[in-house]
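Per TrEMBL, the features are:
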| type | residues | note |
| --- | --- | --- |
| DOMAIN | 137-229 | domain 'CAAX prenyl protease 2/Lysostaphin resistance protein A-like' |
| TRANSMEM | 63-83 | transmembrane segment |
| TRANSMEM | 95-118 | transmembrane segment |
| TRANSMEM | 138-162 | transmembrane segment |
| TRANSMEM | 169-187 | transmembrane segment |
| TRANSMEM | 193-210 | transmembrane segment |
| TRANSMEM | 217-238 | transmembrane segment |
Amino acid sequence: MWLQVLLVLGVSLGASALWAALSLAEHLARGPLSEAQATMNPPLSPQPLIDLLRQLTGIALDLVPVLLALYLLAGSAGALGTVRRRIGLDARMPLPDLGLGTVLFLLMGLGTLALYGAGRALGVTAEVTTSGLAPHWWTVPVLLLSAVRHALVEEVVVVAFLTDRLTRIGWSWPVVLVVTALFRGSYHLYQGIGPFLGNVVMGLVFAELYRRTGRVMPLVVAHFLLDAVGFLGAARLLG
C-alpha cells in the first residue's frame, strides 16, 4: 500500500508539494512574502500555436496519475467502471452532484476570498495571478480544461485514492482526515499561508463529505467551478 501511495504521489501532487515548499522558501529568501508573485496557468511559449500545444500536452500528462490511481483502486483494467461507481465518479446522480457541488463552490469560494484577502493584509500571502495566458481564441477552452484537470487530479488522488489507501494501511479516520487536508494545503504553499490554510479547510470539508456520501463527483464539480471562475476572471481582466 505504501509503495502505491509513494508512486502515485511521486508522479503527481507529492512532487507538486515539494516544488511548492521550495518556491515558498525562495519567496521568503528574497524578501517579504507580500511582495512575492505566484502565477497559475503561465504561458509556455511566445508562439501562440506552440503554447496551445504545450498547454494541451501538459493537461493530458497531468491526468495520467488520475488513471493510475483509478487503476490501483480497481486492481485491473476491467474493473475501472466498477471502481468509478464505487467512488462516485460517474453520472448516476447528476442533479444532487451538481447541487451539492454548487453549494460547496459558493461556501468555499467565499472562504477562499476571505483568507486570501486576510493573508494579503497580513503580508503572509503572495499576489496570485490565476492566469498568465494572453488572450487567444483558445484561451478560454484551455483554462476550462485546466480547471477540469485540477479538479480530477486533486479530488481523485487526494480524496478517493489517498483516503482509501491510508485507511487500508490502518490509520484512523481522524488521522487520515487531518493528514490529507494538510497534504492538500502543502502543494499550495507557493501561494503563501492564506491559500495553504484555505486549502486545509477545504480538504477537511471535502474528505468528510466524501466519507459520508461516498461520492467524489460533487467535489469535482465544486473544484471545477472554483478554478473555472478564478481562471476566467483573470483571463477577462487580461483581455
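Keep in mind that glycine also has a Cβ here, set from the backbone N, Cα and C atoms.
TrEMBL: automatically predicted annotations, no manual curation.
In the domain 'CAAX prenyl protease 2/Lysostaphin resistance protein A-like' (137-229), the DSSP tally of helix, strand and coil residues is 82 helix, 1 strand, 10 coil. Packing against the transmembrane segment (95-118) from elsewhere in the chain are residues 88, 125, 128, 194-195, 197-198, 201-202, 205-206, 209, 213, 215, 217-222, 224-226, 229: each is 6 or more residues past its ends and has a CB under 8 Å from a CB in it. Looking only at the domain 'CAAX prenyl protease 2/Lysostaphin resistance protein A-like' (137-229), the predicted model's pLDDT averages out at 98.
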